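Copied over from Swiss-Prot:
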BINDING   Phe10, Arg29, Lys87, Ala119, Arg234, Glu255  NADPH binding site
BINDING   Lys87, Gly115, Ser117, Lys170, Asp223, Ser233, Arg234, Asn235  sn-glycerol 3-phosphate binding site
ACT_SITE  Lys170  active site, proton acceptor
Amino acid sequence: MIGILGAGAFGTALAVTLGREQPVTLWARGGTPRLAVDLPEQVQLTADFGEALAGTVLLAVPMQALGGLLRAEAARLQGRALVACCKGVDLATGLGPTGLIAEACPGSPAAILTGPSFAADIARGLPTALTLATQDEAAGEALQRQLSTAALRLYRTTDTVGAELGGALKNVIAIAAGVVIGAGLGQSARAALMTRGYAEMQRLALALGARPETLAGLSGLGDLVLTCTSDQSRNFRYGQALGAGAAFDGSVTVEGRATARAVVDLAVRHGIDMPIAAMVDALVEGRVTLPQAIQSLLSRPLKQE
């Protein structure tokens with residue numbers, strides 16, 4: 001059996017696709033999933049945390065809530081295969097999801113499920129390919145078999161650093177891409193932004209030990225393309241609202257907002273130039289206006305690509 005902690009859009013979508021083929025217990029804190037879909041018969045919905053603690057547990061909670069959950073429930077989670085289903089960098093520690101798992105539950109295989117996907121597509125059974133990253137190769141093979149379905153295809157890697165950073169950094173670039181479209185700057189500007197943003201992703205990830213092929217795969221480039229080109233992306237929609245000077249629903253989780261600050265801190269610590277990420281952070285925090293952010297990026301010194 002599989003347990004899923006968190007009944008937000010992604011956790012519910014995973015419950016639906018996995019529950020078509022095997023028993024799943026979905027923990028919803030309030031007892032109601034966020035995604036309005038019919039759950040398969042093999043999916044048990046519960047508000048009891050303990051009922052969702054299977055041998056394999058998917059952690060489908062917001063990135064900034066993951067560390068607190070792991071620390072609070074470490075004793076009950078210890079020894080189970082733990083798969084993070086969120087993207088970002090923890091503001092308190094600077095760790096990614098698998099780092100938080102390893103710190104709180106050192107006896108558990110730590111993995112992350114990431115890549116280009118929208119919850120609605122997964123729930124509808126549309127073909128989707130994701131990356132499953134874990135440094136435990138035996139656990140990775142077992143999880144790959146257990147979590148793959150007829151419509152959900154998983155590719156395995158041991159490069160947790162690359163997989164985590166690809167998923168985290170693309171959210172920051174997606175906000176910037178949304179700003180470009182929201183401000184009416186055009187498709188050419190978005191293409192340039194995505195390309196230069198990808199270069200920033202590579203610089204930081206490689207400096208932190210990621211493999212280049214991971215950044216060029218599903219969890220990096222694949223996720224970047226999807227998130228920067230669709231208004232199904234919450235990060236992209238948030239950026240659009242920023243660019244247009246419009247209000248945005250404050251109840252919607254936008255992982256890239258917090259990630260931008262953490263990414264800038266990492267970049268400074270490692271001496272990596274990330275002007276787009278820095279401008280996103282400054283814009284989100286209100287330290288610069290949109291015209292100032294645009295002017296700052298366009299007035300940078302000319303250089304070789």
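Keep in mind that glycine also has a Cβ here, set from the backbone N, Cα and C atoms.
Feature map: annotations from Swiss-Prot on the structure.
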{"residue": "Phe10", "record": "NADPH binding site", "Cβ neighbours (10 Å)": "24"}
{"residue": "Arg29", "record": "NADPH binding site", "Cβ neighbours (10 Å)": "12"}
{"residue": "Gly115", "record": "sn-glycerol 3-phosphate binding site", "Cβ neighbours (10 Å)": "24"}
{"residue": "Ser117", "record": "sn-glycerol 3-phosphate binding site", "Cβ neighbours (10 Å)": "22"}
{"residue": "Ala119", "record": "NADPH binding site", "Cβ neighbours (10 Å)": "20"}
{"residue": "Lys170", "record": "sn-glycerol 3-phosphate binding site", "Cβ neighbours (10 Å)": "33"}
{"residue": "Ser233", "record": "sn-glycerol 3-phosphate binding site", "Cβ neighbours (10 Å)": "24"}
{"residue": "Arg234", "record": "NADPH binding site", "Cβ neighbours (10 Å)": "23"}
{"residue": "Asn235", "record": "sn-glycerol 3-phosphate binding site", "Cβ neighbours (10 Å)": "27"}
{"residue": "Glu255", "record": "NADPH binding site", "Cβ neighbours (10 Å)": "23"}
Worksheet, complete the sentence: Reduced DSSP state (H/G/I helix, E/B strand, rest coil) at Phe10 (NADPH binding site) is helix
Practice prompt. Report the nearest neighbour of Asp223 (sn-glycerol 3-phosphate binding site) in space among the binding-site residues Phe10, Arg29, Lys87, Glu255, comparing Cα positions.
Written response: Lys87
Worksheet item: How long is the line from the C-alpha of Lys170 (sn-glycerol 3-phosphate binding site) to the C-alpha of Arg234 (NADPH binding site), rounded to the nearest angstrom?
Response: 12
Discussion item. Checking the contact step here: among the binding-site residues Phe10, Arg29, Lys87, Glu255, which have a Cα within 10 Å of the Cα of Ser117 (sn-glycerol 3-phosphate binding site)?
Written reply: Phe10
Worksheet item: Can you tell me the three-state DSSP label for Asn235 (sn-glycerol 3-phosphate binding site)?
Response: helix
Worksheet item: Tell me which residues of the chain lie with their Cβ under 8 angstroms from that of Lys87 (NADPH binding site), as long as they are six or more apart in sequence?
Response: Met63, Pro97, Thr114, Glu164, Gly167, Ala168, Lys170, Asn171, Glu255, Thr259
Response to the item:
Closest by Cα to Gly115 (sn-glycerol 3-phosphate binding site), out of the binding-site residues Phe10, Arg29, Arg234, is Phe10
Discussion item. Give me the CA-CA distance between Ala119 (NADPH binding site) and Ser233 (sn-glycerol 3-phosphate binding site), in Å, as a whole number.
Written reply: 10
Practice prompt. Please find, for Lys87, Gly115, Ser117, Lys170, Asp223, Ser233, Arg234, Asn235 as listed binding sn-glycerol 3-phosphate, the greatest distance between any two Cα atoms, in Å.
Written response: 15
